[in-house]
Amino acid sequence: MRKTSGSTSNLSLEIPLIEERSLDKKRIDPNPKEASVRYAILLLVCYLKFVTYYTTESPGSIKQEVVENFKITNLEFGMLFSIYNLPNIVLSLLTGIFIDKVGIRKSNLIFTVLVLIGQVIYTLSCYGETNYQLALIGRFILGASAESSSLVYIMIINHWFSQKELGFACSVLITIAKAGVSLTNFLSPYIYYNTQSLGHSFMAGVVLAIVGVLLCYIFNIIDQKFERNAKISNNTHDLETRETNAINDNSYQEQNEQQKSSFSLKLLSQLSRYFWFFILANFISYMTLGPFQINFSQILRVRYNFDIVETGYILGYIAIVLTCLGPVLGIISDRIDKRMGALAFGNMILFLVQAFFAFTPNYDQTYLIIIPLALFEFEISPPHIFGFCLGLMNSFQNMSMAIAPLLIGSILDVNDKDLSKGYVNVSFVLGALNLASALIIGYIGLQQQKYRFN
């Protein structure tokens, strides 16, 4: 959508992302949105993100029951998560373009409806004679829509909150969203224990997704109202302001054309070897995070003899505590401002966690297991990399998370007669990957320090 000289205040969520990011919010928004409405929007977006976390992680919370009811191998269970990430290898680079064309409101509604459709298909596959192929279709749709919606949520927050409020808004988003992991760890095992129905266990995700679709309509109504107010306010601007904005528009359009022309695969040749080293470290690190996390439930039950409900309580409480600690860790990381060092440290922690799992024997309901599980849940995020690099990074992350569940499943199936030994072998492999990632990131950090002091 091309912006006319008199439309500086007409900033809507249907404007392309590049335009939206480049404008000065204080200049274009003469009627600042009320705080109560802004935080209502924030809670709405948090709920939508909460739903994607809940539906994404729910199969892992009762892995053993999924494997038994579908009569599948561990490799085939891993495929439920691999196919979730598979479309995002490409979509990470294309979602932004789609949103630019369609607009954020429509994109948000489309992705949320697709999340509902994907969850409905997956849940239906769990009833009666389970249908593994149908489950894969549901997970594929869910993965493509849930991950694409993440970009929409960030853009909505960026639109509704000032620069000074963005950090707080994003931390609230992640904190509440990760409560979805806690809820599925509590709720899914509890429902299955009381109903002995795999389909009933995942029906809660369908209900949550239906509410999400309704909230999308409410968001559209609210945003359209404020968009109309912005248009009315814009019409009251005097001619001098419009002429000034026209000059700004012309300079912006020239800059925008330069940005568009530079967005191409030719950027690959401009990336330094340290960026590719970081891509490699990130790829390896992501192979050990989510894919291993979906096996927590079975590890606790196979190696440490917890039942399905006790497992849900342990994982749920750990997720709650560490989710609340997330913003604190983020503040500490910002204060220290040693991002590469923090990433290397995080991977070393993960290496120690895997070493614990690999070298300690099986115990009967030992609560010492909470320590390595809690350490594993700590997440340290890399600095933001925008545009093409961010899309490329996300593509490789999704590729690693598509490969790793299959790798873990293959190792477990080789040791299907003794899953305890299988998980020990998994820990050896993932621990080696964490150590390699820590060394690569440490190398990048040392190079940064060397160039800084030279």
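Note that Cβ sites are derived from N, Cα and C of the backbone, with glycine treated the same way.
Unlike curated records, TrEMBL annotations are generated automatically.
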Exercise for the section: Name the residue range among 136-156, 388-408 that TrEMBL annotates as transmembrane segment. Expected result: 136-156
Problem - Contact check, the transmembrane segment (424-446) vs the transmembrane segment (168-192), 3+ Cβ pairs under 8 Å, seq sep 6+ - result: no
Fill in the blank from the handout: Among 35-55, 75-97, 198-222, 274-294, the stretch with the most Cβ pairs under 8 Å to the transmembrane segment (168-192) is 35-55
